[in-house]
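One structure below.
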Amino acid sequence: MALVAGIDSSTQSCKVVVRDADTGELVREGRASHPDGTEVAPAAWWDALQEAIAQAGGLDDVEAVAVGGQQHGMVCLDESGEVVRDALLWNDTRSAGAATELIRELGGPSAWTDAVGSVPVASLTVTKLRWLRDNEPENAARTAAVCLPHDWLTWRLAGSPGLEALATDRGDASGTGYWSPATGDYRRDLLERALGHDAVLPRVLGPRESAGTLAGSSALLGAGSGDNAAAALGLGAAQGDVVVSLGTSGVACAIADAPSADASGLVAGFADATGRFLPLVCTLNAARVLDGAARLLGVDHAELSRLALSVPAGAGGLVLVPYLEGERTPDLPNATGSLHGLTLETMTPAFLARAAVEGLLCGLADGIDALTAQGAVIERVLLIGGGAKSEAVRRTAPAVFGRPVVVPPAGEYVADGAARQAVWVLSGADEPPVWAREGTESYDAEATPAVRERYAEARGKILDKVG
Ligand SMILES: Nc1ncnc2c1ncn2[C@@H]1O[C@H](COP(=O)(O)OP(=O)(O)O)[C@@H](O)[C@H]1O
Ligand SMILES: O=C(CO)[C@@H](O)[C@H](O)COP(=O)(O)O
């Protein structure tokens, strides 16, 4: 039995799955935590990966490995391959001003969607490079290569074989802001505009191309991908599917045959991990809204869910606009969260719990609408990520989204997507392997448009709107 490994180096943790290449059966797994914060030393991801690999029984017997990772993080390397400074993550908003500047310099949002399919926001790597140029010129000058978290881990797994060996894939390259999904080329002029000079960028590999071999082994390395593209591959998502992921980020994305270009900036025009495209809406506030609400109420997730389900839809008019870490979609990096509609009746743990669940889901419902406005045809909504473990989320999502929701069995879909890619690299087949998945649950509920209407009203009244 041939084994493959898939890795998910996400915002909060690193997960490793070892699967049977033929059947997809889960053979072993491991996980380790990442440090908190929006600025992280890449060495911490490497340490967590080593711990997760050890927990998963090592990689000695696997024939291929691939890495899925949090998108956009800025990893700068000097000429000798040393990390120049801690990575700025996708949820670090300090480069919001740089985003505004870059949009203006190029002639507005449409110039960016024409160039790279997305309008820059603080999450995109290109804005982080501009921030570096302006705030840490010495670090910018030392930067000889720029890569992303999954690129860097793949390169380390290969034994750090020189900057020219850096590799990435279409999915993650499309989140940089200097690679065009439509043409498949880097826009080095945009990299230079941001960083102030040219730099080595990872080669962009095709979906089943190999990035080399694992150091000291003959196991093949896949190109890997950004976590959302890897999750779509892990789920076997096809046209008609919208994947909603409730991790640190809230994401709604769809598989598309053609690149998208939304000059409103709501939908990012990313690529997927199969040679197609992945229009995507991302919020900064998802599972951690539930974490924060549970902490505030002094309960665990199971109790938060029970409380939320103990009061009716609409939470008696109480609305949480959950911009707890600023927001990316809508682009309000300095916004804060707010509670609207408090009364003596609703000032209770149960109403607050319900408002937290509904608030985070309304943000994602807006995302699904934005995808539809860009032409996505939605036949199925697949709900994944840590937040999807909440029963209240599963039962409330169909009401807020106004459509049934499918919850695949609990699993690590990003790591699974990486594992599927690893098999694909091994087989060289036209399509990735098909693995059976049992235990999918369907949730349906009567739509509650009034919840969204009240949320929309509250969303227009938040403080600290200035970008
Ligand atoms: N039962 C649960 N209910 C709600 N949230 C949960 C539950 N279990 C885990 N979470 C939350 O899910 C998040 C982790 O999800 P994950 O998809 O792994 O995130 P990421 O990919 O961003 O690292 C954490 O914030 C965690 O507290
Ligand atoms: O920035 C994005 C997508 O554009 C995020 O989805 C990151 O890729 C982080 O993902 P999680 O760790 O929250 O899964």
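Start at 1 and count along the chain as shown; that gives each residue its number.
Cβ coordinates are placed from backbone N, Cα and C, and glycine is handled just like the others.
Just so you know, TrEMBL annotations never went through curation; they're auto-generated.
According to TrEMBL, the feature domain 'Carbohydrate kinase FGGY N-terminal' maps to 4-219.
If you look up TrEMBL, you'll see Asp8 marked as site 'Important for activity'. Around Asp8 (site 'Important for activity'), the same-chain residues six or more apart in sequence whose CB sits under 8 Å from its CB are Cys14, Lys15, Val16, Gly68, Gly69, Asp227, Ala230, Glu412, Val414, Ala415, Ala418, listed in sequence order.
Summarising the annotation, TrEMBL assigns substrate binding site to Gln71, His72. Neighbours of His72 (substrate binding site), defined as other CB atoms within 10 A of its CB across all chains, total 28. Secondary structure at His72 (substrate binding site), taken from DSSP and collapsed to helix, strand or coil, is coil.
Per TrEMBL, the feature active site, proton acceptor maps to Asp227. Using a 10 Å Cβ-Cβ cutoff, Asp227 (active site, proton acceptor) registers 33 neighbours.
Here the domain 'Carbohydrate kinase FGGY C-terminal' (243-424) has a mean pLDDT of 97 out of 100. The domain 'Carbohydrate kinase FGGY C-terminal' annotation in TrEMBL covers 243-424.
Contact annotation for recorded positions (Asp8, Gln71, His72, Asp227) versus ligand 2: Gln71, His72, Asp227, each with CB under 6 Å from a ligand atom.
Sequence-distant contacts (6 or more apart, same chain, Cβ under 8 Å) of Gln71 (substrate binding site) comprise Trp90, Ser123, Leu148, Asp172, Gly175, Gly226, Asp227, Asn228.
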